Amino acid sequence: MVEAGEIGGAAVFALAAAAALSAASSLGAVDFLRPLAVGGGAGFEWDGVVPWLIGVLGGGGEAAAAAGGVSVGVAAWYEVWVRVRGGVIAPTLQVAVWVCMVMSVMLVVEATFNSAVSLGVKAIGWRPEWRFKWEPLAGADEEKGRGEYPMVMVQIPMYNELEVYKLSIGAACELKWPKDKLIVQVLDDSTDPFIKNLVELECESWASKGVNIKYVTRSSRKGFKAGALKKGMECDYTKQCEYIAIFDADFQPEPDFLLRTVPFLMHNPDVALVQARWAFGKDFIPNFAVNDTTSLLTRVQKMFFDYHFKVEQEAGSATFAFFSFNGTAGVWRTTAINEAGGWKDRTTVEDMDLAVRASLNGWKFIYVGDIRVKSELPSTYGAYCRQQFRWACGGANLFRKIAMDVLVAKDISLLKKFYMLYSFFLVRRVVAPMVACVLYNIIVPLSVMIPELFIPIWGVAYIPMALLIITTIRNPRNLHIMPFWILFESVMTVLRMRAALTGLMELSGFNKWTVTKKIGSSVEDTQVPLLPKTRKRLRDRINLPEIGFSVFLIFCASYNLIFHGKTSYYFNLYLQGLAFLLLGFNFTGNFACCQ
């Protein structure tokens, strides 16, 4: 059965596609009719390069006569290079260019659709209560209202979380909910005996205050977070819980979190998940400061997450009632988890895996952006890279594993299948990382040395500008750091493409799990959250892939500066190379900037 939201989403998507294709056509996209056209597109002044090289190598006068053989040899080798370049390299790269152009249009259509829905939702003041029933529960302290409160369990998976275990456990135990209707389950996979003992003592302390708190451990870390959550669901007392709230160790929900989310599940039997938004500073929660403004690294991360929640999650929820569970700050219906097959550790995105499987069974999801849960951003470049690699690799790997299941699913509409396979998986998990890295970090730099290669201006200028405008519209507060965000994302595309390929092809390390290190929220807003200093080897202090790319980009930029023709990319390439170089040496702006 197709719902109004899905029909509306399909209509908006069709309009976005039509607008993007129309714009591309008017800007010269008709060049798609000549996908293998090469020669003369870039306008490099190669005729002047060869004489210059021969003159430098051959000298003049008697030296020129003596070095005549060298000059002839250089010219011969150059002739071979021109033939190979024009007959093999340029046609191959030209095919890659047009593939990237197609993928770029796909990306623009997807971004336009999500932003149009997001802006429409904001413009009309749309709220989940318009589509799904919501009624407040009686106060938790009123005996009269205790009967209508369902049994809820709060799960907190953690692993050696010395810096934040007290914060997360304390926030969960202070949730406003009848004490006899709430179970707090701490799933501790810690391998450090000292930390493990501290967590257990914290649980005992809250138990002495009347909180029904359970401390659960395992003999091994099989399945990592998914394994811990699965273990927690196997406990006997879990069977009496209708709903499961999940918070990672660095998340601290507000006391009224359950009062605002659980009613959605109680009054809408077809809803499996209510997802809240992550908050990293005091933009939305007064007197709350973690680390969103303490460095340039955390600022650009916040832009990434703001776009994800404001645009992608909002669009999916408002149109198809589907989006990816973020792994934390959400409440699940226990029945939906069980019907979907429970938690699985086959990928590093167990949250996304469960969400997709539950959706295939016909369950709906609700995203409530007004409910925000305190969290923390990775404070080092290495930690952020590991987090992003895990997410990008896991998403692509899940696409490989579950695409056929989506195609044959019987409980969802054809429109929803298209949205899941095309928008949610193909464009976001595969196309986005591939085209961004291949086109802007590989093909464009190489084009300065291959004059036969033709790159349409709308593909390297207008499309990036359109994506920038779309992103800026939903992040007006971050306009002043947009240039840094662009350069930072340029570097991250290499990591995300490698992760996507690793997941799609199941290369070595595709199912590797690394926990993101936390620093806690005890720092002031003007302090820099740094992890405890440890002695590191030189290779651990620098990032060789980033440095290698910086050398490549700076070389191409210098070459373009010396031998540039009609198309000059050297200014952008120098900036990209500098960004790669700075991150290669782990400089991430660890100071309070732009305040």
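Including glycine, each Cβ sits where the backbone N, Cα and C put it.
Mean pLDDT for the domain 'Glycosyltransferase 2-like' (243-445) in the predicted structure: 92. Among the features that TrEMBL reports, domain 'Glycosyltransferase 2-like' is placed at 243-445.
The transmembrane segment annotation in TrEMBL covers 52-76 (among others).
If you look up TrEMBL, you'll see 88-109 (among others) marked as transmembrane segment.
Sequence-distant contacts of the transmembrane segment (419-441) (same chain, at least 6 residues past either end, Cβ-Cβ under 8 Å): 6, 9, 13, 96-97, 100, 103-104, 106-107, 110, 113, 312, 316, 319-320, 322-324, 356, 359, 392, 395-396, 398-399, 403, 406-407, 412, 459-460, 464, 489-490, 493-494, 496-497, 499-500, 504, 549, 553, 576. For 419-441 (among others), the entry in TrEMBL reads transmembrane segment.
According to TrEMBL, the feature transmembrane segment maps to 453-473 (among others).
The annotation transmembrane segment is assigned in TrEMBL to 479-495 (among others). Within the chain carrying the transmembrane segment (479-495), a Cβ under 8 angstroms from the stretch's Cβ atoms is held by residues 296-297, 299-300, 303-304, 385, 388-389, 392, 433, 436-437, 440-441, 468, 471-472, 545-546, 549, 575-576, 578-580, 583, 589, 594, all 6 or more beyond its ends.
Residues 381-382, 441, 445-446, 448-449, 491, 494, 568-571, 573-574, 576-581, 583-586 of the same chain sit 6 or more residues outside the transmembrane segment (542-562) yet have a Cβ under 8 Å from a Cβ within it. Residues or ranges marked as transmembrane segment in TrEMBL: 542-562 (among others).
Residues or ranges marked as transmembrane segment in TrEMBL: 574-593 (among others).
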